[in-house]
Amino acid sequence: MPPSISAFQAAYIGIEVLIALVSVPGNVLVIWAVKVNQALRDATFCFIVSLAVADVAVGALVIPLAILINIGPRTYFHTCLKVACPVLILTQSSILALLAIAVDRYLRVKIPLRYKTVVTPRRAVVAITGCWILSFVVGLTPMFGWNNLSAVERDWLANGSVGEPVIECQFEKVISMEYMVYFNFFVWVLPPLLLMVLIYMEVFYLIRKQLNKKVSASSGDPQKYYGKELKIAKSLALILFLFALSWLPLHILNCITLFCPSCHMPRILIYIAIFLSHGNSAMNPIVYAFRIQKFRVTFLKIWNDHFRCQPAPPVDEDAPAERPDD
């Protein structure tokens, strides 16, 4: 007999479904926009597509699995472990995509004349592939043995049971907090976030330095170029800020759970942290729509062409790759 759902669980499920209904169409629209608009085909937007793919998977896969775990079905230990690992893979993929975007922006302002020969679409695809492979390695590490099976088996055998343990499937019952804090957070989340902060600080410094230089007659229009780069850096730094704001609370709660086992953790705080982490997948398309004109124009074109059946002005695909707010 399936477990009954409380009013609190029903509210949780309703909010998760709402997040998924915003996240999946929004990020599919991002991928669609890059596909139909040639002006959104440079390396930066390749990394943005990778980020959008991870966000689509959060809405289409992770949130349904989170709802399933919240209901608390009884499953075999390794079945529950397989349900818990996708969120680790997708979180890591998002972090590495954001890091790749930060490095890309740094190279664009550090070596503007050589940028297109250094950062080619082919190399961007190789970088994205490497990021996903690394994400699977990090996210599937609990499947290789760093999990709570030993502790669960002790309790299982102490009760006189045999075979693989059957448990109430919950994330913290199968995923080791040592893994989440020491390996996942301290190695694969916090250092990349700090590195990205340093990279964007350097990007802003280089841009300000160039903008403060006097413009010579033979220099083309560096003020315009670096002005655009400043706008895109601000937009992408905002994406990074929202990611950190969304995911750090959950990792901080994990640290409290590990280092202070006796500390009482209000359940509502855990739910808020979960909502923030899942809600991040719905934020990026909104930021793109408001801050990147080429995305905004392409979104409207897709809407008019495919949903309103009204022709929209054509997007100039021969125009140079768009910068936010340009």
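Just so it is clear, glycine is given a Cβ too, placed from its N, Cα and C backbone atoms.
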According to the record in Swiss-Prot, which candidate from CYS131, CYS169, CYS255, CYS260 pairs with CYS80 in a disulphide?
CYS169
Do the topological domains in Swiss-Prot put PHE45 and LYS116 on a single side of the membrane?
yes
Just to confirm: which same-chain residues, 6+ apart in sequence, have a Cβ under 8 Å from the Cβ of CYS80 (disulfide bond)?
ILE69, ILE167, CYS169, GLN170, LYS173, VAL174
Take the topological domain 'Extracellular' (70-80) and average the pLDDT across it for me.
91
Which bits of the chain, at least 6 residues beyond where the topological domain 'Extracellular' (260-267) starts or stops, bring a Cβ under 8 A of a Cβ in it?
253
Closest-packing stretch to the transmembrane segment (47-69), where packing means Cβ pairs under 8 Å, from 11-33, 124-146, 268-292:
11-33
DSSP says what for the topological domain 'Cytoplasmic' (34-46): how many helix, strand, coil residues?
10 helix, 0 strand, 3 coil
